[in-house]
């Protein structure tokens, strides 16, 4: 997976369009300068003012303003287009990460990819590249026009500007370091704050809040100091062209008096000089945005390099077998083939080992070695993972129940299904299927979340169901719920106690003897069972 192409789609055409509008603005400004010269000549010779020059001044100014507004709108559209495509790529990259790899990264750090990095990308693609393209055309154009008007004035006025450019190159080299330092500190503050938001009350009850607030304040102060340093450097870089413009104007007026240059030429040269300085000011913003983009680009690229392919399961509409080929996970080594439609209970002395194996079967975790294959000819089947913390998005109860459903059942059928799964009280409490659930079901009881996971599996009509729950044995109707899953016809694998299973499943016993593992096959053979 790679970053989106900056000029992909219509963005390339729009970039040239925006850059072209910038060039047209500069041309109109230069035309204004020549019109100003003609008007000064007419005033100096006491002739009638040329109407063409007056009309040029009257019409060119609103045209320049209109072009500025339109180019700004198009530039924002370009930036938003790239930002949207980059956001999709980032989300796909995170979706391609195994659960344990994603959990190793801090949630705040991943969230910053969708805030700071996208903002930097939008600024560079929308405003940085377009202004760079127009600037590298306008700058030499204005210089040639100034030389054409009067070489003496061009040399006199250009010297201070050239000196400002040299100083800007020296001062601008530190912007990259300032950006990296600021980005690192801002990320630290945001990540630390995000980590503590969900447990702020708990920290207060532990009398830990003053210490945590002090830590955030110190980090925030360091970030603020870095932000001030960056803004100071950018402001200084922006001030250099403006300061050089004043010095250049004074030098040109001095040269006009010394070498008896026509006032009209001097007036036109001053107008062109202002056009010459505009790209230099824009280049400061371009360089600032480019440094921010470089950091964001590196972060996004590293994230995408670490991600695997995005899983794209397809419903097979029938039970699918599972083949564990020389699988190693958490110290467990085994070969195992579960036939389509079998219900298998894993009995292990170490429940954590069983949990890791179930997570791997449900595509939530990578194996340390070996391969898990499904009888689908290379396609990923639809696997429902029933656990104590199911996937719940903020929204209606209807949405949560049918999150993985290919076809949403009618409301009456959905209510019956929810009631059969023990969610009748929840329906009443939240006000029916339209009731709102919080993120990850935080306003639900633990048992309600587990029952909701069962309902999700039933509405999804998956090919394989994997149950990995520590809470299930405490459910009064746990056996009934498991029987509902068995009756779905999907291949079922779980590690629930025998009392809950009630003989519904074949038994697969995994025992630990020191560091060696043994598998006891069920009474009805699970083919290819072997361990090392």
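Each residue, glycine too, has its Cβ placed from N, Cα and C.
Where the annotation comes from TrEMBL, it is an automatic prediction and has not been curated.
Checked against TrEMBL, the range among 261-280, 281-300, 301-320, 321-340 recorded as transmembrane segment is 261-280. When each of the listed stretches 12-31, 155-176, 235-255, 261-280 is scored by C-beta pairs under 8 angstroms to the transmembrane segment (51-70), 12-31 comes out highest. Listed by sequence, the residues of this chain that lie at least six past the ends of the transmembrane segment (261-280) yet keep a Cβ under 8 A from its Cβ atoms are 26, 29-30, 32-34, 36-38, 40-41, 44, 134-136, 138-139, 142-143, 145-146, 149-150, 152-154, 157, 161, 164-165, 168, 241-242, 244-245, 248-249, 252-253, 255. Within the chain carrying the transmembrane segment (155-176), a Cβ under 8 angstroms from the stretch's Cβ atoms is held by residues 143, 146, 230, 233-234, 236-237, 240-241, 243-245, 247-249, 251-252, 254-255, 269, 273, 276-277, 280, 283-284, 287-288, 291, 294, all 6 or more beyond its ends.
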